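> The following feature annotations were taken from TrEMBL:
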type     : residues : note
REGION   : 229-257  : region 'Disordered'
TRANSMEM : 12-32    : transmembrane segment
TRANSMEM : 44-63    : transmembrane segment
TRANSMEM : 70-94    : transmembrane segment
TRANSMEM : 131-151  : transmembrane segment
TRANSMEM : 163-180  : transmembrane segment
TRANSMEM : 187-205  : transmembrane segment
Amino acid sequence: MVFTRAGVWRGARGALPLYLGMLPFGLVVGVISAGKGLSLAETLLMSAIVYAGAAQLLALELWAEPVPILAVVFAALVVNIRLAPMGAALGFWLDRLCGWRLWGTLATLVDHSFAMSIAEQRGGGRDAGYLLGMGVSLWLAWQAATLAGHVLNGMVRLPPGHALFFGGTAAFVGLLVPIWRGARQDLLPWALAGLAALAAQGLGLPQPLPLLAGALSGAALAAWNETRGRAGTAPSPGTTPGLNPGPQTDAARRPGP
């Protein structure tokens, strides 16, 4: 594992196509923030510190007067708990970082940078700067998008169900493409995640419990599959992993004097 400036810049450039998916999501957050009475400074501060679109939208949905602080904090915690398995999956890079490199990477980790970094790792990438560069680049784009949404709130009135509100969902769906490894490895976990989320939604569970049910069930099945696969390829007792003893020659089989 390495951490280079070139990797940071490559990650920042790799994030540019993702701006198109982030823009409508950030605009919606900015518009709703203004509608809830948050000032521009408060909106930007929330986007800079929280930096989690789903959590921000959920917090804004719960926003009232007086603000239910405990409910908002708990809801954001439940939504963002998915970041824990993300950090574990990126352990190859994160475990070897320290100081500002580690904290900067963790502070700017989002679904987009996670998905692209997993694809980078699977392709043989070893530069942890890629993850930080992508995270910082997307963080800057998020601030710009929420700023624009707040400013444009009074100028544009979008009807309910407008296609712009689907932009964030479309961006998340697009992130699935580079991390798809084939039906043999991913079909069952992904299908279980979708079915669990739909079942929880059908049971009338409040948000974000359906999302959490899908994420945890899919991740559990994927982890079980990975563990079973490693167990199936474990070396037999008495052998050293990675070493092939090869065929023995007559001299090797001949007993000593």
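Cβ atoms are placed via backbone N, Cα and C, with glycine included.
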> Quick one: do the transmembrane segment (131-151) and the transmembrane segment (44-63) reach 3+ CB pairs under 8 Å, ignoring pairs fewer than 6 apart in sequence?
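They do touch: at least three Cβ pairs between the two stretches lie under 8 Å.
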> In terms of Cβ proximity under 8 Å, which residues at least six beyond the ends of the transmembrane segment (187-205) contact it?
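Same-chain contacts beyond the flanks: 176, 211, 213-215, 217-219, 221-222, 225.
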